[in-house]
Each structure stands twice: as C-alpha cells, then as structure tokens.
C-alpha cells in the first residue's frame, strides 16, 4: 500500500508510457518500478560476482580477453549503479537536483558505459582473430601494456563521442524516459543519431562480423584437415595434434560469440527504434521504455552467459 500510494503521488510527475487513464497509469508505474528495481539488483549482483571470480581465479587470466571481459563487468556494474537514479526517482520524486541535469547526466553515463561494452566486444573479436590467424606472433602483438592502452582509449573515445549531446546536439540514446523532461523536452536528432551510428554502432558491428566470420571459417578448415588426416593416417599422433590445435581457441571463441550475439539481439530493437524516432518516423513511449530496458538488461545477461559457457568460471 505504501508503494502504491508513493507511485500514485509520483505518477503526476513521471511519464508512464504504457498507461491509459489514471488508474492504468498508476498500475504501469508500479510495473515499471518493479522492472527497474529488479534489473538494478540483478545487474549489480551479477557483475560483482564476475569481478569477484576474476579476482580470485588466476586460471581465468589465461586469455588476454580477460582484460576486456573485466572492463565490461566494471562498465556493466556502473550501469547497475546508474540505474539507482531512475529507481530512486520513481520511489521518491524529489532528488534535490534539477530534473533536466539529472536526465542529461544519466543518459550520457548510460550511453558511455554501453559504448564501452560494445567497443570491448569488438576488441575481443579482433583479439581472437589474431590468436587464430597469427598464433606464432600473437604474444608479441598482444601485450598487457598494449591491452591497457587499448582499454584507456576505449573509455576516452566513448566519453568523447557522446559529449556533443551536452551542447544541444541531439539525445545520446537513452529512451524509456522516466523523467518527464527527457520525454517532452529532450528530443533526438537525426544528424546526431547518424553520427553515433557511423562512428560507433556500424564500425563495431562490421568488425565483429568480419572477424568471427573468418575465425569460424579458419576453424572449419582446420577441423576438415584434421578429419582428413585421421581418415588417411589413423594414429595417436594425428589425434593428439587435432586435440591441441585450434580446438580450445574455437571453444572460447564460441563463448565470446554467444555473448556478442545476445548483446546485439537485445540492442538491435533499441537501435532500430533510436533510428526511427530520430527520423520522426515512429514515436511510441511504450516501445521506448521496452527497447531501452531490454537493452540495459544485457548488462546482467553477460555474466549469466559467461557463467554457463565457461567451466573454469
């Protein structure tokens, strides 16, 4: 009852996109609050677990991609912490901060953190591509120092690419507006959206598609060669060679490919809606809320996929 009365009070100030009429709006505000609180808890708990396991398990540092996976875990943890802002705003409307500033800062932070995750996934695919295509020179090409520099550049690039939104050039990408100012006064801009797509979404997707296509193509060729050798020379030496070849790399690449696939499946509806809304083709508050929080839920899905797919984890 306390939650219901609290939401009834804040429903006058908040945009409840799925509601039609006062009572439906109250019910939907309660539903939104439950969804956001649940996601916030799962994201924080899941990524704290990932960070803890990586800290305590040296075996997980065998692959250089652990640098990027940990970076994603920290970024996703900050997404969960950032989600406390709309959660507290739904439960207690008065935040003590101007609504427009809160909305802008929250939208910027969420966009930057998800940009870091997207860039890390692209870097992971490049890392696995180098590991399989250049196994002999891989350790010289990919060093801990270069990996740290790459991660620093990812954070700097992600912070800079969304910075123009603070100077009035479009919305950085956060929809699902909990704050009324976000929904009514902060509009998307087709040019800024095109800018983000060209400099972030499209290059990351192209790199991932290119690298994984070649990774699995090479792995299939290698498996075919091993099978041919087994058929022609059925000996223990060939079996041993087949087991110590690209098989571990292929299995690990599959784990990372699942994480990447789920990421884009959850983010694709959001990106499509982002493009349509920016072009003024479609504007639907319900779709805005659903696509945004579906995309944000990926911050929890990463740790679930990695836990189920990696026996060492």
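Backbone N, Cα and C atoms are what each Cβ position is placed from, and that goes for glycine too.
TrEMBL: automatically predicted annotations, no manual curation.
Residues or ranges marked as domain 'G-protein coupled receptors family 1 profile' in TrEMBL: 46-306. The annotation transmembrane segment is assigned in TrEMBL to 34-60, 72-93, 105-126, 147-170, 190-215, 255-276, 288-308.
Between the transmembrane segment (34-60) and the transmembrane segment (190-215), the number of CB pairs under 8 angstroms, six or more residues apart, is fewer than three, so the stretches are not in contact. Within the chain carrying the transmembrane segment (288-308), a Cβ under 8 angstroms from the stretch's Cβ atoms is held by residues 17-18, 32, 35-36, 39, 42-43, 46-47, 49-50, 69, 72-73, 76, 79-80, 83, 110, 114, 117, 174-177, 183, 255, 258-259, 262-263, 266-267, 269-270, 272-273, 277, all 6 or more beyond its ends.
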